[in-house]
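Copied over from TrEMBL:
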TRANSMEM  21-39  transmembrane segment
TRANSMEM  59-79  transmembrane segment
TRANSMEM  91-111  transmembrane segment
TRANSMEM  131-150  transmembrane segment
TRANSMEM  157-178  transmembrane segment
TRANSMEM  184-205  transmembrane segment
TRANSMEM  240-257  transmembrane segment
TRANSMEM  263-291  transmembrane segment
TRANSMEM  312-336  transmembrane segment
TRANSMEM  342-363  transmembrane segment
TRANSMEM  375-393  transmembrane segment
TRANSMEM  399-419  transmembrane segment
Amino acid sequence: MLSKIKNILGTKFGKDIIITIAGQVIVLIVAFGLNKVLSNRLGTAGYGEYSITIKTASVLTYIMLACLGIAIPKYLAYFRKSGDKIQESRYVISALIMMFTISLITIVVLYVLKVPFSKIIFGESGFDGYILPILLYAFTSALATFSYSYYRGLDKFYKYSLSQIAIQLIVLFIALVINKDVITLLYMWSLVNGSYGLLVCIYAVKTYYPKAKITSVKRDLKSSMTELASFCLPRLPGEFVLFAYIVVPLIIINHRLGIEATAYFAVATTINSMINPLFSFVGMVLLPLVSKSIASNQFSQADKKVKALIKIYLVVGVIGIIAVEVFTPLVINILFNSEYQSSVPIVRIMILAVLPNAFYLLLRNPLDAMSKIPYNTINLIISFVVLNILVFLSTNVVAYAISFVAAYGLLSILSFWAWRNCRKQYLKSSEEIASDKISL
């Protein structure tokens with residue numbers, strides 16, 4: 001195991017992982033601090049409302065981003081490896097046009113329908129004043145996420161990490177200054193995300209537009225827009241479902257059991273959400289790596305790295321679960337406070353979902369790099385349907401938690417199945433190319 005870790009860390013891929021992990025651990029620590037501040041200041045009911053608000057914004061962010069956070073690293077890495085500067089530039093411009101168009105449509109439609117939309121989210125009327133700040137926060141988060149993905153596609157993981165750290169520190173500072181006002185927090189956070197995201201997007205346009213050699217937008221961008229749409233749009237339902245995994249149970253519990261039960265369930269989902277990024281870091285590096293390996297017909301090298309990482313994830317995931325199971329009350333006290341100790345049984349059940357979700361997080365990026373078929377979307381929809389059936393049959397929060405774990409277990413199995421099918425295809429292709437070279 002140690003030799004496999006050393007072999008991985010000794011490469012550029014390993015250095016990118018170290019930079020990404022170091023940056024994301026800092027981001028995670030800041031997120032812990034932010035969560036501690038807000039859970040103490042808002043109280044149990046207020047924190048429940050905040051959780052619904054911020055997770056709804058997260059769903060909308062990925063609708064507005066329309067899976068371009070996956071497409072940009074994939075296509076940028078591919079065209080940079082193949083040396084096609086014109087296509088690289090056109091894909092960036094096309095992606096920006098798509099994001100702004102989808103975001104505008106989403107904002108207009110949901111703002112017009114803000115009263116029924118707010119009632120669906122919060123379970124009662126009187127919350128329509130939250131919709132505009134939610135929409136603004138979602139849009140500016142989409143801009144920031146696009147910028148992070150842009151740096152990943154350029155292999156500039158240090159910029160990716162440093163920018164995230166800076167944004168999170170500013171967000172924490174704002175939370176410390178502003179007291180008990182979620183709407184004002186969302187507006188201020190939107191200003192921070194929006195300023196950063198717009199600056200990076202403007203820089204990208206200035207850099208790539210001259211290189212794209214666009215004489216007619218309709219003619220010159222048709223190919224890239226079509227390719228991005230065919231890649232991204234089938235994956236969009238999957239991104240929606242991924243975040244609905246958290247939001248839908250919160251909304252259902254709020255409707256059936258009230259805001260206090262929602263807060264306890266939110267504690268468990270928040271702890272999982274804080275741990276899960278530890279397993280998504282490597283996937284962020286894997287997406288451009290696998291894209292480049294496909295462009296250079298060296299998929300077998302990427303395959304070896306993924307197989308080694310699966311074993312590492314298994315060991316780390318089991319250790320993490322055991323640690324949380326043993327120290328659950330302490331973890332809750334550190335991240336929240338003693339008011340939330342009633343959530344201990346729920347946390348101990350839902351933490352089991354970390355391991356299957358870790359495998360999904362590892363494999364989803366290589367799957368997107370390898371195939372236009374939206375395997376992740378298909379797998380997410382199947383497991384989400386199962387989750388909803390189980391939730392519908394549940395009568396208490398513990399049953400909801402068990403449903404959550406079962407759904408992620410199914411998602412993990414489906415991800416392994418898709419990975420097995422895709423890798424067979426590319427390994428066979430690599431072997432054929434190698435044999436052709438030998439015969440020549």
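Keep in mind that glycine also has a Cβ here, set from the backbone N, Cα and C atoms.
Of the Cβ pairs linking the transmembrane segment (342-363) with the transmembrane segment (399-419) and spaced 6 or more residues apart, 3 or more are under 8 Å, so the two regions touch. Sequence-distant contacts of the transmembrane segment (263-291) (same chain, at least 6 residues past either end, Cβ-Cβ under 8 Å): 13, 16-17, 20-21, 24-25, 27-28, 31-32, 35, 44-45, 47-48, 51, 70, 73-78, 81, 152-153, 155, 157, 160, 246, 249-250, 253, 299, 302, 305-306, 309, 313, 316-317, 320, 324, 331-332, 335-336, 340, 342-343, 346-347, 349-351, 353-354, 357-358, 361-366, 368-370, 397, 400-401.
When Cβ-Cβ distances below 8 Å are used as the criterion, the transmembrane segment (91-111) is approached by residues 60, 63-66, 68, 71-72, 75-76, 79, 117, 131-132, 135, 138-139, 142-143, 146, 150, 201, 204-205, 208-209, 212, 214, 221, 224-225, 227-229, 232 of the same chain, each at least six residues removed from its ends. Fewer than three CB pairs closer than 8 A are found between the transmembrane segment (399-419) and the transmembrane segment (131-150), and contact between the two stretches is not assigned (pairs 6 or more residues apart).
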